[in-house]
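Peer 1: First, the structure itself, so that you have it in front of you.
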Amino acid sequence: MSKSTSVSTILYLRQRLQGLKIYETSDLIQHINTFDELVGEQVSVDVKIEEKTKDMILLCSLSPLLTTLTCSMVKVAASLRFPNERWLEVITKEPRAFVYHNFLALFFKICKTNEECDHLISLAKPSMARSKVRNALTGLGEESSSRTSSGTFIRSGHDKIVKEIEKRISEFTFIPQENGETLQVINYEVGQKFEPHFDGFQRIATVLMYLSDVDKGGETVFPEAKGIKSKKGVSVRPKKGDALLFWSMRPDGSRDPSSKHGKRHCLSLNLF
């Protein structure tokens with residue numbers, strides 16, 4: 001599943017960044033006239049999740065991350081609605097990519113039943129159709145051997161659960177709900193794939209929510225990303241309930257070439 005947003009939200013993001021307050025590290029921000037004026041030396045920031053969760057996510061998401069800034073955040077305690085701990089993991093700085101573990105609510109931990117994941121799958125199944133790619137010349141969608149999955153869209157605000165998820169995505173990304181696209185559910189059967197590509201130029205960020213588990217394959221791959229120890233290429237393994245956020249544009253509005261991504265073949269089971 002994925003959800004993307006338009007470039008028109010850049011001004012909103014800058015406005016939110018200007019209002020950012022991290023009291024324990026007031027010397028961290030020297031100038032916030034533009035995104036690329038954040039910090040000049042390495043700083044590690046720890047905050048109390050109850051008070052500054054949103055500020056921390058905003059700082060980690062919007063800072064250029066081409067500097068030596070390092071972000072860290074304490075885990076969110078388990079609760080009845082979210083019996084597993086929820087926490088944010090920085091995957092790579094180029095592109096800016098993060099995984100929010102246990103993003104979707106798990107109601108019955110013992111039975112491994114994830115109501116939000118299963119609910120979205122049940123809404124999507126009746127209307128699934130072959131996925132398409134946009135023709136660069138005509139602008140129209142067409143089937144392609146580069147994308148062999150199937151998918152469908154879920155109307156915004158379809159029901160209470162969909163509304164809650166859309167609200168959570170907005171809070172996670174600090175992007176207004178009205179600037180996001182409708183939820184799109186994608187299904188990859190065994191052997192299906194989506195070859196590396198760039199998201200449309202009208203998008204600045206994408207959130208991929210994993211609705212199911214697979215034993216082998218199905219990773220989201222960033223072939224041009226800068227990984228650990230300068231190794232080229234990063235992959236994210238799907239885990240039911242997790243959400244992957246990555247930014248297709250740099251803070252200055254230019255396209256990030258390292259945001260090129262694809263989906264590996266599923267070698268066992270189906271992936272939503």
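Any Cβ shown, glycine's included, is placed from N, Cα and C.
Annotations per Swiss-Prot:
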type     : residues               : note
BINDING  : His197, Asp199, His261 : Fe cation binding site
DOMAIN   : 179-272                : domain 'Fe2OG dioxygenase'
TOPO_DOM : 1-55                   : topological domain 'Cytoplasmic'
TOPO_DOM : 81-272                 : topological domain 'Lumenal'
TRANSMEM : 56-80                  : transmembrane segment
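A description of the local structural setting of each listed feature is requested, covering burial, neighbours and distances.
Peer 2: When secondary structure is read from DSSP and collapsed to three states, His261 (Fe cation binding site) falls in the strand class. Spatially close to His261 (Fe cation binding site) yet at least six residues away along the chain are Pro196, His197, Thr220, Val221, Phe222, Pro223, Phe246, judged by Cβ distances under 8 angstroms.
Within the model, the domain 'Fe2OG dioxygenase' (179-272) carries an average pLDDT of 82.
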Peer 1: Sort out for me which one of His197, Asp199 has the most neighbouring CB atoms within 10 A, since those are the binding-site residues we care about.
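Peer 2: Of the binding-site residues His197, Asp199, the highest Cβ count within 10 Å belongs to Asp199.
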Peer 1: With DSSP helix as H/G/I and strand as E/B, how many residues of the domain 'Fe2OG dioxygenase' (179-272) fall in helix, strand and coil?
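Peer 2: Tallying H, G and I as helix, E and B as strand, the rest coil: 7 helix, 44 strand, 43 coil.
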